[in-house]
């Protein structure tokens, strides 16, 4: 373990202790100051864990279950033989009457049909007129068949347990109708004769044995055990939010826990906090080592969770708005803050402990937990990556709309339409609260923990910032250069997925040190002589040029610029050589036959870029300066000329090791190179000089065409010279002119050794007094 790692442990431990102890402390204090009684029939204000096993008998429930068990016992019945016999006899008697009525009298005469009908109407009153007509019309054999079937049906009824008139009626409506449907007699006879005769004969055939029934029901009731609430030690007697029962109140009394116990509340919350802190710490240490190695950022995460716990307790304690008030819990606001202050992954990470805390504090509300989880996760892409102030306002109304929809949807899913109005109002208020918290807390947290966010960067990107105003007033050329570099760097960062806003702001401030001696830099030398000519000392001039980096760092400290911007100032030249004055010193040493100057003296004393944004800033700075300088010596700049300058400068930076500490890949370098070429071509492309006299426009166009033709002839001459080289040297020359050397240590593309040898050979063969070619150091 190195010294820096050991020095960070106290800060880490402090942050983890704040997280681990802050959460249970807030929850415990809430229990201490809210001594709400636990009342039967109302929601419990807290969760109570049984200190010992307790058994409470529910007398009312026990009696109810025993009574139900007795009622479920069927009555004990016995057959009534007399009633069964009488039923069958009544059917037989009815058919005997019909047979007697149709039989000859003592004098041997057969009664007329009208006499038979009259006799039957008098004795078989259960039959209708149609039934009597049908009965009289039956032949002797038909009457015998009908009599036999009726007796069979009557016997079936006698064998059935018909305990009361209801049973008799049900049997007649169901069993009797099924039997008649299967009868061999005609359906009119079955319906008009057999049905009424049998119905009239039906009586209950079984009787209830009262004594036996009472004994059976008493035995069933006695078998029901006492209903008791048994709560084991260490399990909840009642949970917060649950409706309290009489048994739970009695159990609390029996265990002596019917009062508030802050110690118990703190112990439970401490256990939960230990689990949540462990999860956060393991994730951050494994997947976000940068945050793990920055104790202030760990402390910020702890503060966010403790702050959320306090808000959660406050909303849960204030009994206003019913259960719908829990839709006010601002998980989305805290997720947005975490996303802005850190990134989306940390935002997702912090949603987990927040949802766990909600489920602990509000366990009885099923819709709140999924609402909290979904609203928190949804808020992260809503806030996204800030690039403009308008995004905060847009995120505010988008989140408000989302919270309203989610609150209403989860209320309907878990509780129906009851409480839907309150849920919608709470969802809307949650959106308002989220906007207030994000806009109000973000500047405070940024300042307190020294974290720069997109929100802060937007402030520093304001061209009315005092430093930028001073740069514009005292060094207008440098200011314009910085604005141009900011555009180049921002565009290139978008191409490779880096932070374009950070690169833009770093570029705006990277040359603020030139304010100290603005006229020593060529872009600010308007209508004045070059001060370096008066110095006539390359070493002193180099020191002045190098000084703008340290001056910029000092000015940044005075104006309290964040470390990220200061790092952009410190690394935008890396450890490169102030090439112009180094060559001048070499030339003088050669002319005077003196010792060769120390190259290290002419190198910047800054630090090499160690982030993608810093590396892009370095490349954008040198390429803009070089192309601008070249454009001043040429009427036009073609794409090939710009490409040659950009490619050469990037190759130089790679070969010099300036990008060794940056995470740029070879693919990133190619994307940055193409972005810079395209952007610079858009600035320095050929333009036609439009004369005041419209008639001269044609002449201007012709002149531009002539210049283009001259460039084409020059290119043909270069190709002819190349053709005279051996094939191997032709390839080396092509690569030296058009290729980009990858940075050291990058395995995404094989190193072209011929390219490096070509560059080295070109440098070795270069004269000792070359003209300054595209030197990005604006020295004059």
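Count begins at 1; order follows the chain as displayed.
Each residue, glycine too, has its Cβ placed from N, Cα and C.
TrEMBL does not curate its annotations; it predicts them automatically.
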Of the residue ranges 245-265, 266-286, 455-475, the one that TrEMBL records as transmembrane segment: 266-286
The annotated transmembrane segment range in TrEMBL, which must be one of 170-192, 193-215, 216-238, 423-445: 423-445
Per TrEMBL record, range annotated transmembrane segment [choices 100-117, 118-135, 136-153, 298-315]: 298-315
Beyond the flanks of the transmembrane segment (12-33) by 6 or more, those residues with Cβ under 8 Å of it: 46, 260-263, 265-266, 269-270, 272-274, 276-277, 280-281, 292, 295, 298-299, 301-303, 305-306, 309-310, 313, 316-317, 357, 361
Criterion met for the transmembrane segment (266-286) and the transmembrane segment (327-352) (at least three Cβ pairs under 8 Å): yes
Remote residues contacting the transmembrane segment (364-383) - C-beta distance under 8 A, at least 6 residues beyond either end: 43, 239-242, 323, 326-327, 329, 331-336, 339-340, 344, 347-348, 351, 354-355, 358, 391, 395, 398-399, 402-403, 406-407, 410-411, 413-415, 423, 430, 434, 438
